[in-house]
């Protein structure tokens, strides 16, 4: 399991320009991530997803996020997420630990 505090710093630096995590948070360029774990791809209410995201049909969890965050465009070809990914597994684990906590509060 990753480090929540390190993950928060990664989120602020690499994700917060496009995403929010708090309950009731607004969508930005990317969707609000509250309730992410256990939700199917392309399902945040009120956000306009690409068909690729909606049709991927996986459930977000630690394993799926670990793979997705390494290279989003490879994992979901056709996604509009422009983020190149996080190559270091430890950094992805830290970010996932933070997301698991922050998107469930």
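Any Cβ shown, glycine's included, is placed from N, Cα and C.
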Per Swiss-Prot, member of 66, 81 binding heme c alongside 15, 18, 19 | 81
Chain-internal residues near residue 98 (phosphotyrosine), provided their CB is under 8 angstroms and they sit 6+ positions away = 2, 4, 5, 6, 7, 8, 10, 11
For the heme c site given as 15, 18, 19, 81, which other residues of the same chain have their Cβ within 8 Å of the site's Cβ centre?
-> 16, 17, 28, 29, 30, 33, 83
Fill in the CA-CA distance, residue 19 (heme c binding site) to residue 73 (N6-acetyllysine), as an integer in Å.
-> 17
Same-chain residues at least 6 apart in sequence with Cβ under 8 Å of the Cβ of residue 18 (heme c binding site), in sequence order, are 28, 29, 30, 81, 83
How many angstrom lie between the most widely spaced Cα atoms of the heme c binders 15, 18, 19, 81?
-> 11
